[in-house]
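Enquirer: To start, I am sharing the structure in question, which I have written as C-alpha cells.
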C-alpha cells in the first residue's frame, strides 16, 4: 500500500534498493529535499576531484615546466619537484580535517562547509596568481588543502546525519561520485586548454577553475539547514525536530519522526552516561577506552589506509605520466586518455550508487573489488616488466589491454573502495564521536594520500623499468585488503545510525555499566549534563513528590 501511494522517486527506489528498512519506512521520506541536500553538500567532494584532475595534467605541460623550473631536471629531479607540488595539498588537508572537526562540533556542519569553501577559493586564487613563484604555489596549494581536507571530513558526516537509513549508503556515496565528476571535469578542462589556449594561460585557467565547485558549495550551503543530529547534540531539540520534519517531509507529530528523535535522545543519554564530559580529552578517552568505540575508530583508520594503498590516487595524480609509460605519446593523447579515465570513474560510481550501495552492501562490495583491483594492477605490472613499450613503436595488443586494465581498475575502485569507505566511516560512530571519528579517518586518508602522491613519481622513475614495480606493489596491497575485510568488517546496510551501538556492542556495555553502578553506587546516578545527582534530589523533582 505504501508503495502504491509513493512518489516517482520513492517508487524507483523501491525497485532498486533491496533491504529491510526500505520495506518498513514511509515513502514520504524519499522526497526531493534529502537528495538536493546531499548534492549540495557534495560540491565539497568536487573540490578534491578538481584538484587531483587538474594538477596531474598541469604538471606535464611544457609551459608550466618552463615557468616553475622543471625543465632541464633529470627524471628523478622532475619526479621530486612534481611530487612536492602535488603533495603540498595533502599537508593542508591533514590540518584541515581537525580544524573542520572543531568548527563542525562548535558551530555546526553547515557553517564548517561554508568556511571550507571560502578557504579553498582563497587557495585557488593564490595558485593561479603565483606567476612562476614555486613558494607561492606551495602556499596556495597548502591553503586550498585546508579547505579541501576540511570539506572531505564534513561532507560525509553531514549527509549521513540527514539521510534516511535505507538509502544512507547511496546518498553518502554521492560524495565519491562528485570526486569522480570533479576529476573528470578537470581532465577535460586540461585537454581543452592544451587545444585552445596558449602561453601561461594554458595552466592558469585550469588552476583558477578549481575554485568553481568551492563557490557552488558556499552558495548551496547558505540554502540548506543544519544537521538535526548536531542540533540534538547541542540540546536544540525544537530546531532538531523542525529540521528533521522538513527533511523527512513528515509532520513533527508523525510517529516515524518521533521514533527517530527518541533513538537520537537515547543514544546521546547512553554516551553521556559512559564518560560525561565533552572536551577533546574526554572524547578521545571515550573513543579508545570503550571497546566498541575503539573498534570503530580502528576500523575507520584501517579502511582509509587501505583505500589509499590501492594506488588509485597514484593514477589520479599522474595518469598522463602512467599512460606515457604504457606507450601513449604526446601530451594531447595522454590527456585525452586521462579524460576517458575520468568518464569511466564517474559512470561506474553512479552505477554503484544506484544499483548496489544499499542492496549489495558494504562488505561484499569491498571483498570482490579487492581481488578485481589487484588483478588489474598485477597485469599492468607484468606487461610493463615482460614486454615494455618501446619508443617509436606502435602499442602491441597486450599494451592496449594494459590500458584497458587502467580503466577497469577505475571502475572496480568506484564499485567498492572509493565510495564505501566514506559511507562506512561516517555511519558507524556514535553521535558524540562522529565528528572526531570522521576527522581522524579523513586525516588518515590525507596522510596516506600524501605518502602515495609523494612516493609514486619516484616509484615510477626508480622501481624497475617503466616503474613496473609500483603496479606490483599496489596489486599486493589490493589482494591483502580482501583478508582485512573478511575478518574485521561487519555489514551495516539498512541500519539506522543509532543501531550501530547494538552492532558494535555498546548497548550491551551500557547495560553492564548501569548494573554495575546500581550495585556499587546506589545513591547516585549520572544526569544529562554528565554530573552525578543523588536519588534524594531526583525524588524531590519527580511528579509523585508534588502530589
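Each residue, glycine too, has its Cβ placed from N, Cα and C.
Take a look at what TrEMBL says about it:
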- 34-61: transmembrane segment (TRANSMEM)
- 37-493: domain 'Major facilitator superfamily (MFS) profile' (DOMAIN)
- 81-104: transmembrane segment (TRANSMEM)
- 113-132: transmembrane segment (TRANSMEM)
- 138-159: transmembrane segment (TRANSMEM)
- 171-189: transmembrane segment (TRANSMEM)
- 201-223: transmembrane segment (TRANSMEM)
- 297-319: transmembrane segment (TRANSMEM)
- 339-357: transmembrane segment (TRANSMEM)
- 366-386: transmembrane segment (TRANSMEM)
- 398-424: transmembrane segment (TRANSMEM)
- 436-456: transmembrane segment (TRANSMEM)
- 468-489: transmembrane segment (TRANSMEM)
Enquirer: Select the range from 201-223, 297-319, 398-424 that forms the most Cβ-Cβ pairs under 8 Å with the transmembrane segment (436-456).
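Expert: The listed stretch sharing the most Cβ pairs with the transmembrane segment (436-456) is 297-319.
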Enquirer: Can you see whether the transmembrane segment (398-424) and the transmembrane segment (34-61) are touching - at least 3 CB pairs under 8 angstroms, only pairs 6 or more apart in sequence?
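Expert: The transmembrane segment (34-61) and the transmembrane segment (398-424): touching, no.
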Enquirer: Looking at the stretches 34-61, 113-132, 468-489, which one shares the most CB pairs under 8 Å with the transmembrane segment (171-189)?
Expert: 34-61
Enquirer: Using a Cβ cut-off under 8 Å, which residues of the same chain at least 6 positions beyond either end of the transmembrane segment (34-61) come close to it?
Expert: 9, 70, 82, 85-86, 89, 113, 116-117, 120, 141, 144, 147-148, 151-152, 154-155, 158-159, 162-164, 171-172, 174-187, 189-191, 194, 202-203, 206-207, 209-210, 212-214, 216-217, 220-221, 223-225, 247-248, 313, 316-321, 331, 334-335, 338, 342
Enquirer: Which residues of the chain, 6 or more past the ends of the transmembrane segment (201-223), have a CB below 8 A from one of its CBs?
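Expert: For the transmembrane segment (201-223), the sequence-distant neighbours (Cβ-Cβ under 8 Å, at least 6 residues beyond its ends) are 40-41, 43-44, 46-47, 50-51, 54, 57-58, 61, 63-64, 67, 110, 113-114, 116-118, 120-121, 124-125, 127-128, 144, 147, 151, 178, 182, 186, 189-190, 193-194.
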Enquirer: Which listed range (81-104, 297-319, 468-489) shows the maximal number of Cβ pairs under 8 Å with respect to the transmembrane segment (366-386)?
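Expert: Ranking 81-104, 297-319, 468-489 by Cβ pairs under 8 Å to the transmembrane segment (366-386) puts 468-489 first.
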